[in-house]
């Protein structure tokens with residue numbers, strides 16, 4: 001098996017920089033759209049054979065060094081008692097607003113409530129046995145709670161912030177419950193065979209650094225400390241965290257996911273020997289191939305050949321990216337970083 005990705009997570013030397021892409025199983029791939037045209041997004045997530053098929057596609061098509069489970073961060077929230085739909089973005093019919101709402105939430109029994117996720121992981125481990133490692137994932141407690149409180153996506157997350165400031169006891173009760181659910185969910189993925197875990201805190205960066213420290217860090221730290229992570233590295237990705245990397249580091253992950261708003265070399269100065277993942281601007285993949293190569297080289301140069309670097313985009317790959325540009329990016333990473 002290609003172990004470059006796992007070796008880099010642990011800061012071990014590798015013969016070339018490993019690369020994978022957030023949202024690498026997605027709409028930019030015609031093969032994905034062929035599968036997706038036959039079912040809804042939720043049906044795809046809940047059908048293990050199909051979810052496994054689209055998870056493997058980028059490994060075969062792009063030549064990436066890791067596969068990531070195809071699912072959605074809100075998958076385990078639905079069985080807490082929250083009806084979920086995608087129209088096209090995620091929408092919860094009854095958002096969390098009061099302590100009574102929080103008290104109604106249940107902690108799912110993962111093997112009974114999300115068996116399709118665990119079965120997808122088992123299929124993928126069999127299918128990927130001689131290829132690449134499998135990354136499991138979940139949303140960070142704060143990002144999950146944002147959707148649960150707002151009921152849908154938001155530009156400013158004002159309802160969530162209002163709860164945080166004006167009803168701190170409701171906020172704390174919700175975050176405790178979501179953290180416990182998240183811990184159960186990610187541990188179930190590890191038990192099923194996930195070889196690494198990525199925690200996505202997509203909205204952690206919308207807070208002031210002091211608010212992140214007070215309202216988010218304790219829960220993410222509790223989550224990471226509660227994972228059964230012997231030999232399973234944890235990647236912690238907080239979008240927009242460039243000004244508070246020292247705080248995010250204290251949550252205790254093994255790898256820091258970086259978006260494209262920070263120089264990778266500067267991030268290294270704050271993070272020390274911690275492994276890093278990133279951080280090409282996703283829109284670079286719309287550029288001509290020579291520009292893509294220049295930008296890949298820039299990111300690699302910022303890392304300055306230090307061990308513990310996984311190449312990735314700074315956020316998910318965009319749906320209209322030409323697949324051949326993503327293939328070219330992967331090829332450039334491998335060629336330019338070859339020892």
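Residue 1 is the first one shown; counting continues down the chain.
Positions of Cβ are set from backbone N, Cα and C atoms, glycine also.
According to Swiss-Prot:
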type	residues	note
BINDING	23, 24, 25, 26, 27, 72, 147, 202, 315	substrate binding site
SITE	72	site 'Transition state stabilizer'
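Structure coloured by features recorded in Swiss-Prot.
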residue	record	contacts (Cβ under 8 Å, 6+ apart)
23	substrate binding site	316, 317
25	substrate binding site	32, 54, 55, 57, 58, 68, 70
27	substrate binding site	33, 36, 319
72	site 'Transition state stabilizer'	41, 45, 90
147	substrate binding site	74, 77, 90, 92, 153
315	substrate binding site	22, 239, 259, 260, 282
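DSSP assigns residue 147 (substrate binding site) to a helical segment in the three-state reduction.
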